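Chemist: Structure in structure tokens, see below.
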Amino acid sequence: MLRDEDRIFTNIYGLKDKSLRGAMARGHWDGTKQFLEKGRDWIINEVKASGLRGRGGAGFPTGLKWSFMPKESDGRPHYLVVNADESEPGTCKDRDIMRHDPHTLIEGCVIASFAMGAHAAYIYVRGEFIREREALQAAIDECYEYGLLGKNNKLGYDIDIYVHHGAGAYICGEETALLESLEGKKGQPRLKPPFPANMGLYGCPTTVNNVESIAVTPTILRRGAGWYTSFGRPNNHGTKLYSVSGHVNRPCTVEDAMSIPFHELIEKHCGGIRGGWDNLLAVIPGGSSVPCVPGAQMKDAIMDYDGLRELGSGLGTAAVIVMDKSTDIIKAIWRLSAFYKHESCGQCTPCREGTGWMMRVMERMVQGRAQKREIDMLFDVTKQVEGHTICALGDAAAWPIQGLIKHFRPEMEKRIDEYTRNATSHGAVLEAAE
């Protein structure tokens, strides 16, 4: 379990002073100018050495991503864009950073912008986050007044930070759709290549990072890459914010070390499973877009990228959704299908048509008003959507259903049998989805 002195986010619950003075008293903005004086290469190499992987879901090495930016300017400005469009069902970590600990993010923006030669950073905040945006803007205004941001500031590097409010579309959490939205266009993902590091915002070199990825970098530089790599297993280093919701006794967002066993995370921070461990049905370990894992497999699972991949799932945003045996698992996954159908931007045919198909067949599965062969047909549809779209929304819509079929097929067949038995006893004629 992580000790309090090792926590990066010291005010994640908003119990302390979140102003600039309070943040400085807790050690933020300490030595920032010295980091900038050490140069861009030192910062990028230190972040690489720390093994920090993107905290937005994909887990791409952050230092490597920063190094893709052109070293020399070709006349075009460089931009840093922070993805604060936190819309993944179950995820609520970034909003706590912006609402209660915004100076970790602002200091991170300054350091990351300097490392990539950017003089402007844009923070794209989810449309529904009203209070979070107000808190973040107030913190930015404080930094301007104190002389930490703007032209000729105390840090010796000109940097402006702008907050942009989204309009409520989940698809704008995809980095290229976010850039389109930021430019004032319809939020639809772009084809890659060209990648944002080459042609991003307004056609200029851009790096898009998650809020948590940016917010942890100042502490990594202050305490050293060696300190950060002391947490977690190889290739899964550092600390992580876990958002635990669902059927636990105390749902919470908590910072702990990577590679913590699932049962330890739940027992130490959440007061255990509602009704005890025998009552655990399934867990979605990384936000709604990763497959669910049965409770029996999940108890001893290691909460990191590799540990959950071995179970056929993923860490994603570390939004842990716990379901006990009172849950209708088929209906829960249908609800996710309905979400993805609603949020598909409609640009790619497999996703536009496939999400609707998956939702409608899942609706039949919830009622049991289906044939057993439709389970295989549903799986085939998910395979035709997965990997055939510009962005990962198609995969995100397909994976929860694949996880359901893989682990809970007997439950689906049982429901079909029950419905068929009741229907045929009343002389009804069953139809297949085809």
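Every residue number used here counts from 1 along the chain in the order it is shown.
Just so it is clear, glycine is given a Cβ too, placed from its N, Cα and C backbone atoms.
So Swiss-Prot lists the following for this protein:
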- G54, R55, G56, G57, A58, G59, F60, P61, T62, G63: NAD(+) binding site (BINDING)
- 166-213: FMN binding site (BINDING)
- C345, C348, C351, C391: [4Fe-4S] cluster binding site (BINDING)
Chemist: Among all the protein chains here, how many other CB atoms are within 10 A of the CB of G56 (NAD(+) binding site)?
Modeler: 23
Chemist: Of G54, G184, P196, the binding-site residues given in the record, which has the fewest other CB atoms within 10 A of its CB?
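Modeler: Comparing Cβ neighbour counts within 10 Å for the binding-site residues G54, G184, P196 gives G184.
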Chemist: Could you check what DSSP calls L178 (FMN binding site) once collapsed to helix, strand or coil?
Modeler: helix
Chemist: Starting from each candidate's C-beta and looking 10 angstroms out, tell me which of the binding-site residues C172, V208, C345, C348, C391 has the most other C-beta atoms.
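Modeler: Result of the Cβ crowding comparison: C172.
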Chemist: Filter the binding-site residues G54, G56, A58, F60, C345 down to those whose C-alpha lies within 10 angstroms of the C-alpha of Y202 (FMN binding site); answer none if the list is empty.
Modeler: none
Chemist: Applying the rule Cβ within 8 Å of the centroid of the Cβ atoms of C345, C348, C351, C391, what extra residues of the same chain belong around the [4Fe-4S] cluster site?
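Modeler: For the [4Fe-4S] cluster site the neighbour list reads I171, Q188, P189, S344, G346, Q347, R352, T389, I390, L393, G394.
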Chemist: Which of the binding-site residues listed here (G56, A58, C172, G184, R190) have a Cα atom within 10 Å of the Cα of C391 ([4Fe-4S] cluster binding site)?
Modeler: R190
Chemist: Compared by Cα position, which of the binding-site residues G166, C172, P196, V208, C345 is the closest one to A58 (NAD(+) binding site)?
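Modeler: Spatially nearest to A58 (NAD(+) binding site) by Cα position is V208.
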Chemist: Between L178 (FMN binding site) and C348 ([4Fe-4S] cluster binding site), how far is it from one CA atom to the other, in Å?
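Modeler: Distance between the two Cα atoms comes out at 17 Å.
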Chemist: When the Cα-Cα distance from C172 (FMN binding site) is computed for each of the binding-site residues G54, G56, T62, C348, which gives the smallest value?
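Modeler: So, spelling it out, the nearest of the binding-site residues is G56.
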Chemist: Whole-number answer please: how many Å between the C-alpha atoms of G54 (NAD(+) binding site) and V208 (FMN binding site)?
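Modeler: G54 (NAD(+) binding site) to V208 (FMN binding site), Cα-Cα distance: 10 Å.
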Chemist: Do you see any of the binding-site residues F60, T62, C345, C351 whose C-alpha is within 10 Å of G166 (FMN binding site), and which ones?
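Modeler: Cα within 10 Å of G166 (FMN binding site): none.
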